[in-house]
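Summarising the annotation, Swiss-Prot assigns transmembrane segment to 1-21, 25-45, 55-75, 96-116, 123-143, 145-165, 178-198, 199-219, 237-257, 274-294, 324-344.
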């Protein structure tokens, strides 16, 4: 990528997300989504190779299809209601089409097929942006229209996403695909509570971005893209060994780490609203996530001293620049749950 073009591309991505999130007019929201999509394609092809080109084409085809469905729903709703306001959806078919288009853009099941492939075909930094920043615009639209959404359809998408994200990561050895399936699961948790308490959705999204950013930065620093490369962490950067397992366990929602807090709030809110079966299913399926995270941790731990081969130690020769971002994110990833009672008002 041309260094001169990078500020233009990233500023366009930021502007597109900001326009969509702050707009109450359907056309402006749609324009923001299109700006975001078109500017993100060069980010996916940062390294020009057939795999990244394939990932960019898949991303474009899915996002363009979702945009066409969204525009069709917007126009049909405008013909029936005469309004362009995002919160004024009078036709249930338009509501269903809008929800379907947003689910495609978020990569929710059953429209999830593109997320692991696109994430695998790009770099770790581009994959981080795909799984974090690119979620903001569609979720901001969902946040605005949640009072008029079909709750049953949304919960169906959410439960399917949690199940597919958990089962899909079981047979993976590529870390980017595992994090992509983890993203599908987390999006399911975010949207499941949206009709009942959208503020918990925003909190869940914030925690998810912190956890995923920590995981991607650690893997990028370690140059690990597969389970095999992750198992050689001892020979490269020894100080990452406690960081990566704690981050993965937090992503899985294991107490007392930070990742347990949003799941706890979602289950509590769903239980308050009388939906006991749904949070039970969600909690049980999440154990599958913990299983394949534990498998990654096991593959890393068995290479610790003295069982590892210490003949070729690389960490003595690594000249790493110190950074404050990763330690700060690690603290937020692991230690936010103990201070959670301080953030909620007393009953």
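In case you wondered, yes, glycine gets a Cβ from its N, Cα and C as well.
The transmembrane segment (123-143) shares the most Cβ pairs under 8 Å with 199-219, out of the stretches 1-21, 178-198, 199-219, 237-257, 274-294. Residues 182, 211-212, 214-215, 218-219, 221-222, 230, 263, 286, 289-290, 293-294, 296-297, 300-301, 304, 315, 318, 320, 326, 330, 333-334, 337-338 of the same chain sit 6 or more residues outside the transmembrane segment (237-257) yet have a Cβ under 8 Å from a Cβ within it.
Residues 86-87, 89, 92, 95-96, 98-99, 103, 108-110, 112, 181-189, 191-192, 194-195, 198, 275, 278, 281-282, 285-286, 289 of the same chain lie 6 or more positions beyond the ends of the transmembrane segment (145-165) yet place their CB under 8 Å from a CB of it.
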